[in-house]
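Over in TrEMBL, the protein carries these features:
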TRANSMEM  7-31  transmembrane segment
TRANSMEM  43-65  transmembrane segment
TRANSMEM  121-141  transmembrane segment
TRANSMEM  164-183  transmembrane segment
TRANSMEM  248-266  transmembrane segment
TRANSMEM  278-298  transmembrane segment
TRANSMEM  319-341  transmembrane segment
TRANSMEM  347-369  transmembrane segment
TRANSMEM  376-398  transmembrane segment
TRANSMEM  404-422  transmembrane segment
Amino acid sequence: MQKCPGATLFVIVVATGLATWLFSLIISHAVRIIIDENGEASWIIRFIFTILGYATVFLPCYVLIHLSRRHNLHTLGGCQWRLLRLILTGTTSEIVAETDGSVSGTVRPSNSESKSLYKKAISLCYCCVGLQVSYLLWGILQEKIMTREYADGDKTERFTDSQFLVFVNRILAFLFSGIYLLLTHQNIHRTPLYKYSFCSVSNTLSSWCQYEALKFVSFPTQVLAKSAKVIPVMLMGKLVSRAQYKNYEYATAVLISVGMTAFLLGSGGDKKGNNVTTASGALLLCGYLIFDSFTANWQSALFKEHKPSSIQMMCGVNLMSCLFTSASLIQQGGFFYSLSFAARHPIFIMDCLLTAISSALGQLFIFATISKFGPVVFTIIMTVRQGLSILLSCLLYKHHLSEMGILGVFIVFLAIFLRIYYAQQHKKRKLDATDASASKV
């Protein structure tokens, strides 16, 4: 097979990147002519710009991977090919050694059985408080940054670049997870870096939609919409995979729909501009649910195929997210705008840093809680957190909720707890039936 020289490969990749960048500039100017940048639909322009910014990284990487595989460049020796080998195979070593650890590599459960009930209770309280504090702080600051005005003397202005907030969150999460990996023992990494890019794009876009939605809907509406994502997941499962669901799953999905409807009708009296639910807000929330569902499914597939630890997954996804968001910010001038805004409003710097730190710490607490106590306990803690987030948001930012709106919130969270309870009961009955059949044999 004819070899492709490294210099030629470099020129092709750079040329692809420049061509993509020029094409994105042309499309950007065309979109600006069609859509009003100051109108309610201006988020469509920002969304297109964001996608084009990601493409300037995604397409050159695709060309690099395609040509490298075609010419077997990742099999060559020498340090100059180590990065390429890491992208294509997930390791810089030519031979991946087997390790005799657990799959996750994030915890060492050898001592878990010997822990006393007291120590487990302390550990549970630690995880619960960590999750509540980090994500409650994250939610409050997220709403403040995207919906409140920052004062500069007699002038007031709002921060509008959601992409910059995503970038700050991702780079802090990458640093936190990277430091954790350096300080702890992990299994050998086997996941090709390029495979993280798919869920990285969907993850950053879901966060972008989440921030943008706050410009059109209230924070309580956003939280309840996120709580109701089980409905589109069930619909997609029914349509795409022909999945079968239990009666309690249908019943709780209907309850969530009823609760969401009651909440939206009950909060319709809120006349503060940004808090009125609009078509743009609804579309952005739908975008969040779609991208978030794809992220979860893709990560699940990576866990099954390559078995990375949770922290390795966190580090890899956030690394790719930093590349995508930084490229998009450079192309749109987002860094200049955000840093200028920060220079005019120093308190904004503190808000951004606290948001990023709380988000990164929250991710670490998520992994710790699931690994020690399982997904059910984690789901209950996070459901409580969502309820507290709505309560805090209404108290701090004066969101109006009528009796019907409060009833809607109660119905949604009741449905979620019922879903958890019946899922556990179903699992228990299944295990009992398995044990009974085994004893007969």
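Going from the start of the chain as shown, residues are counted 1 onward.
Glycine too: its Cβ is placed from the backbone N, Cα and C atoms.
Automated prediction, rather than curation, is the source of TrEMBL annotations.
Small disclaimer: the values here were computed from a predicted structure and weren't measured.
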- line: One stretch in 164-183, 319-341, 347-369, 376-398, 404-422 has more Cβ pairs under 8 Å to the transmembrane segment (121-141) than the rest, namely 347-369
Query: Of the listed stretches 43-65, 164-183, 319-341, 376-398, 404-422, which one has the most C-beta pairs under 8 A with the transmembrane segment (347-369)?
result: 164-183
Remote residues contacting the transmembrane segment (164-183) - C-beta distance under 8 A, at least 6 residues beyond either end: 142, 145-146, 204, 207-208, 211, 311-312, 314-315, 318-319, 321-322, 325-326, 329, 334-335, 337-338, 352-353, 355-357, 359-361, 363-364
Message: Which sequence-distant residues neighbour the transmembrane segment (404-422)? Criterion: at least 6 residues beyond either end, Cβ under 8 Å.
response: 220, 224, 227-228, 230, 246, 248-249, 251-253, 255-256, 258-267, 376, 379-380, 383, 386-387, 390
